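Participant: I'd like to ask some things about the structure below.
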Amino acid sequence: RENFIHLCNPHLEKMKEDILYHFALGTGTHDFPTLFGDVKFVCVGGSPSRMKAFIAYIAEELGLGGPGCDYPNICAGTDRYAMYKVGPVLSVSHGMGIPSISIMLHELIKLLYHAKCSDITIIRIGTSGGIGLEPGSVVITRQSVDATFKPQLEQVILGKTVIRSTNLDEQLAKELMQCSKEIGQFDTVIGNTMCTLDFYEGQGRLDGAICLYDEEEKLQYLKNAYESGVRNIEMESSVFAAMCNLSGVKAAVVCVTLLNRLKEDQISSSHDVLVEYQQRPQKLVGYFIKKSLGKV
């Protein structure tokens with residue numbers, strides 16, 4: 001069962017029914033193997049609308065749908081997350097920050113387990129702040145690091161501090177990088193991603209409601225991050241990497257940078273430019289899925 005989802009929870013086997021509350025799904029009310037058993041690729045991202053746009057894009061790329069096709073939200077019974085499916089691809093929103101994606105991942109991993117899915121690849125596609133990169137560059141994460149540049153997730157469980165690894169699948173990162181070279185439409189790098197608990201002070205911004213450091217201190221911190229191998233900053237990758245590792249799932253993080261934090265704190269590009277930037281991770285991951293299925 002090496003290629004199946006591994007659940008690190010012996011208590012689940014004693015439960016007659018597993019209710020995935022934040023998905024509005026449950027093993028007593030839904031046939032998971034029938035609904036999700038053919039899933040091979042799961043793409044997750046913060047915004048429900050972005051994940052709906054992704055499923056429409058991948059459906060057309062795989063020849064499983066076209067303009068005007070409707071893709072119903074599988075989690076329509078709740079407003080916490082949105083989930084869409086076409087063929088072997090599942091597209092799920094995770095909200096913003098470590099707590100939100102953590103809740104989603106607990107239920108997503110159980111869903112894949114109950115559905116008896118195997119050989120799963122999970123990829124987070126999203127946006128980020130770049131460090132030393134031109135806006136629009138795509139970063140494939142080598143390691144997720146914390147705000148002290150350590151490749152770990154520190155979590156308090158039952159009052160005790162637990163440290164978990166945040167490494168991501170090296171071979172998968174290389175395959176995605178090769179796909180970007182074949183597409184040849186935008187700059188892509190493999191680098192470390194810093195995962196923070198906050199968008200403002202936690203990322204060294206000067207424009208939040210509270211800021212008790214100066215610009216020189218901010219720039220020195222970001223330069224230190226760059227020198228340690230960090231190329232972008234976001235707020236979900238650490239727990240994503242840690243949970244996928246524990247569940248035996250191949251995982252990657254692919255984020256576009258919306259600005260260079262060494263130059264500015266606020267996103268100043270036009271709406272149209274930002275929309276095009278946000279499509280770049282979708283194009284890369286879509287190409288990877290097509291190539292994996294032999295459709296390139």
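Cβ from N, Cα, C; glycine included.
Not my notes, these are from TrEMBL:
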- 40-289: domain 'Nucleoside phosphorylase' (DOMAIN)
- ARG80, ARG124, ILE125, GLY126, THR127: phosphate binding site (BINDING)
- GLN203, ARG205: substrate binding site (BINDING)
Participant: Listed phosphate-binding residues ARG80, ARG124, ILE125, GLY126, THR127 - what's their greatest C-alpha to C-alpha distance in Å?
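Facilitator: Answer in Å: the longest Cα-Cα distance is 20.
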Participant: Excluding near sequence neighbours, so keeping only residues 6 or more apart in the same chain, what lies with its CB under 8 A of GLY126 (phosphate binding site)?
Facilitator: GLY45, GLY46, GLU234, GLU236, VAL253, VAL254, CYS255, VAL256, PRO281
Participant: Out of ARG80, ARG124, give me whichever of these binding-site residues has the highest number of other Cβ atoms within 10 Å.
Facilitator: ARG124
Participant: Take the C-alpha atoms of ARG205 (substrate binding site) and ARG124 (phosphate binding site) and report the distance between them in angstrom, rounded.
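Facilitator: Cα of ARG205 (substrate binding site) to Cα of ARG124 (phosphate binding site) measures 24 Å after rounding.
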Participant: Measuring Cα to Cα, how far is THR127 (phosphate binding site) from GLN203 (substrate binding site) in Å?
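Facilitator: GLN203 (substrate binding site) has its Cα 14 Å from the Cα of THR127 (phosphate binding site).
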